[in-house]
């Protein structure tokens, strides 16, 4: 009995690190600013069949309507209530999406904005996405309800009331982040309001949460909220399942607050990952892909089982957040596919793929002055995600997750799940290769000259279809064929001018 109690306690403590994806599904995709009706369709027609594990959705709760500038993406990070009512859709549409996605094995992860409410400068009676009244100047949010008692104004010690130094952890947690009204999460009432919101989402069927701005909350306050959360809905999850938690903590080193302070609550976003990988793939600062042999903890990252990793996210793809100019995005499509391919092949961390929309960038003194622009819309109404005949998306939705190279690497990761990093090869420069046990092998040529080498793949002999240049269709291949000898070796040739300078084969791409 003692052993059983120990094990059940252990299971409970560690459950928040488990992504709660359906068995065999290993990645999630952030469908940034998509409507719930479009996400439901995408789960059924694409994400389910293509092996995606889940979707990170934009904040589903009511936010302030920002008109200057006109309907920026960041208005959704300015809550006014916990009603499920935004530009992405209403509560019924949200419920329908969660049900339909779960029914095809695709989980929903909610971006939970719980550190703050909207900015203090908004006028009383200002527009909101569901019509709820608020008076931010007086700290009145009757739709929750919150009042002046529920904010940290008295706790913050800076003259401005805002964060003035990131070297002071008290300021970072107790003062206002860019003027956003900072909730007093040490109050049980505030914790209960937030937990009620998250529990409603859990009961609807979501699988977990991205905790926005976690760095700006005390880890113990987050834990107190998480301790109030229900188990996941048994319609789709085993009894006793706990929500997957990943906390947004930007920690590139050199600040008072470290990611490790948050490990007790769940996983943490590893922002060093995309920043460093971008530097390597761009060949900046003398970096080379040959240096990636000990990628992961060997590069000073957090432990793999605590990390949520990504090449770019909605913030840093537009110069916000962390990582700076090295971050690769869909605007740098060729190198971006290399970086995402590397991420999805490598065992480190739990992987998230980005799915973006295009906007009219306008750089002034190196800064995109249009970084605020919201999703494709007609007079503020988010446009439908249309699907073109070639399976790409229309209406300025980028849909990186539908790019063959990325979609097929999501499947590759599923196939090699649990297999060790193996058969590393490097030319000392930017040609590298590695395998995952006997289930998969990938080769990159990021040099300015041809790659031509015979490499040990670790795979059984036979003919394989490269899933980067094409697809296995029936028993034929629309891309490059790779011939693996009985000893596991294969000859690879990759031109430095290839559209995609990498090749990937796996157990399920064998012809």
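Cβ atoms are placed via backbone N, Cα and C, with glycine included.
Keep in mind that what you see is a predicted model, and the values were worked out from it rather than measured.
Among the features that Swiss-Prot reports, active site, nucleophile is placed at 212. According to Swiss-Prot, the active site, proton donor annotation covers 248. Residues or ranges marked as Ca(2+) binding site in Swiss-Prot (evidence: experimental evidence): 115, 173, 182, 216. Annotated chloride binding site per Swiss-Prot: 210, 313, 352, in sequence order. Annotation comment: Swiss-Prot describes 43-101, 85-130, 156-175, 393-399, 465-477 as disulfide bond, evidence class experimental evidence. Marked as N-linked glycosylation site by Swiss-Prot: 427. The pyrrolidone carboxylic acid annotation in Swiss-Prot covers 16, and the record cites similarity to another entry as its basis. Here Swiss-Prot flags 1-15 as signal peptide, drawing on experimental evidence. Per Swiss-Prot, the feature site 'Transition state stabilizer' maps to 315.
Feature map: annotations from Swiss-Prot on the structure.
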| residue | record | CB count, 10 Å |
| --- | --- | --- |
| 16 | pyrrolidone carboxylic acid | 22 |
| 85 | disulfide bond | 21 |
| 101 | disulfide bond | 29 |
| 182 | Ca(2+) binding site | 26 |
| 248 | active site, proton donor | 22 |
| 315 | site 'Transition state stabilizer' | 19 |
| 393 | disulfide bond | 20 |
| 399 | disulfide bond | 24 |
| 427 | N-linked glycosylation site | 16 |
| 477 | disulfide bond | 20 |
- Task: Given the recorded positions 85, 173, 427, state which is nearest to residue 393 (disulfide bond) when distance is taken between Cα atoms.
- Result: 85
- Message: Using the Cβ center of 115, 173, 182, 216 as the Ca(2+) site position, which other residues in that chain lie within 8 Å, going by their Cβ?
- Response: 116, 152, 172, 174, 175, 177, 183, 185, 213, 215, 217
- Item | Inter-residue C-alpha distance, residue 182 (Ca(2+) binding site) and residue 212 (active site, nucleophile) (nearest angstrom) | 13
- For residue 173 (Ca(2+) binding site), the one of 43, 210, 212 that lies nearest, given that the recorded positions are compared by Cα: 212
- Among the disulfide-bonded residues 130, 156, 175, 465, the one whose Cβ has the most other Cβ atoms within 10 Å is 465
- Between the recorded positions 130, 156, 210, 212, 465, which lies closest to residue 16 (pyrrolidone carboxylic acid), Cα to Cα? 210
- Which residues, same chain and not among 210, 313, 352, have a CB within 8 angstroms of the centroid of the CB atoms at the recorded chloride site? 28, 30, 56, 246, 248, 269, 308, 310, 314, 354
- Task: Would you mind sorting out which of 248, 427, 465 (the recorded positions) have a C-alpha within 10 A of the one on residue 210 (chloride binding site)?
- Result: 248
- Query: Non-local Cβ contacts of residue 352 (chloride binding site) (under 8 Å, 6 or more apart, same chain)?
  - Reply: 27, 28, 29, 30, 56, 308, 309, 310, 313
- Task: Rounded to the nearest Å, what's the C-alpha distance separating residue 85 (disulfide bond) and residue 212 (active site, nucleophile)? Just drop the number here, would you?
- Result: 18
